[in-house]
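The structure under discussion appears below in the form of structure tokens.
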Amino acid sequence: MTRLGVGGAVQDRDGDGDRDGDGDTAGLRRFTWEEIGQRNGRGPAPQERWLVIDRKVYDISHFCRRHPGGARLLVSHAGQDATDAFVAFHVDKVLVSKYLKPLQIGELAPDQPSIEPTKNEMLVKDFRELRDTVEKTGLMEPNQLFFFLHLAHILLLDSAAWLILFYFGTSLMPFVVSLLVLTISQVQASWLQHDLGHLSVFRKTKWNHLLHKFVMCHLIGASANWWTLLHSQHHSKPNCFHKDPDIDMHPFLFTLGKKLSVELGIKKKKYMPYNHQHKYFFITLPPLLFPTYFHWHTFYIAYTKRYWVDLAWMVTFYIRFFYIYGSLLEIKSVLAYYFIFRMLESSWFVWVSQMNHIPMDIYYDKNLDWVSTQLQATCNVEQSLFNDWFTGHLNFQIEHHLFPTMPRHNYWKVAPLVKSLCAKHGLEYQCKPLLTAFADIVHSLKSSGELWLDAYLHK
């Protein structure tokens, strides 16, 4: 007996190993979860890496290097079931399945459960039913007028920043106003490229990719592929140390999470005065992330991975910026203008992006189910028209992480369903005022710094 499983994959439901109903099971090997868990790529090389999608077992040992989302994303699921992550990230599952077929080496043995022992089986089933409901009710369908108007207001602000200097001169007041207008345009462009990178603006993937390059590379000056590479890893295993690149600043700049901070202190490791990190945070990460690290890293990754199309698009941003602003400002003023707006943009981005994650649980991957993994690492901020605009709808971080390809204008619609799911299974659904969320970043850094210091001195 067969039926359609998650993502349209055919599942064997009677345990005879026959997926297509023709009675042919020859050549399929059977595995236990224990065997699969041992193929996680850890230990001395060479190590096999396997994962499971809809009970099918795939060997990704070599394919991971060619994976469009990057090797690190795929390897983070080695030795585990990746069904819900696969469904969450891939829009065209029929196309992706063609690449999966040559990688299949077998399937789970008939006596093995479909859900790993470390995961909440009922929660997994309820979430998959919720996702089916979301898809059937059209909540994954984009409203292209919404995104067109968003792009239009970005381009209007981008033009206005230059016109202010052109018409009102380059004295202090027009200079400052122009800076603020360009900063708003750049941050809003960051939110739009985020939508495009998640394939949530157009139904067809190619149009998302094309406009993503225009917005990210030409309007912002960074690599679209670089962003996708890092951000997909973050979504796959948020706040999981060694798997989420967004917390790679632990332990070299900050110590993050209660357990990791104590562990660092016990090991007597000190790269920074962590007990003061809640103070130096203000003058490091928010103002300097974009002007320093992101600038270097986006060009480094684009060059080393040969993203030549991205690099060409990125060059057009710098030609356009220094040509049009260089026609109005002296070279020193142009450089100051550029660095200041990057600092402002960086500050806005960091406070918004970190308010949902730094105060949450940060530790090693515990191989929990998709919902538990996302809920432990994310929280929401209260909805308002201003909060939606200011954060690019990332105030609905929980819904975004559960459904990463969902258009953001539908987050508020699915939120009540997610709350009900959490209430049913006893999961905490955190939602805070905006300023409280900002303050919690600082409180969390102070707390983890104090835990580190206590362990460093006394344990």
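Using N, Cα and C of the backbone, Cβ positions are placed for all residues, glycine too.
Nobody curates TrEMBL annotations by hand; they come from automatic prediction.
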Out of 280-296, 331-347, 348-364, let me know the one TrEMBL marks transmembrane segment. 280-296
Please count the residues of the domain 'Cytochrome b5 heme-binding' (28-109) that DSSP assigns to helix (H, G, I), strand (E, B) and coil. 33 helix, 20 strand, 29 coil
State the residues, same chain only, that lie 6 or more residues beyond the ends of the transmembrane segment (280-296) and have a CB under 8 A from a CB inside it; answer 'none' if no residue qualifies. 222, 249, 253-254, 272-273, 339, 342-343, 345-347, 349-351, 354, 441-442, 445
If I take every residue in the domain 'Cytochrome b5 heme-binding' (28-109) and average their pLDDT values, what number comes out? 90
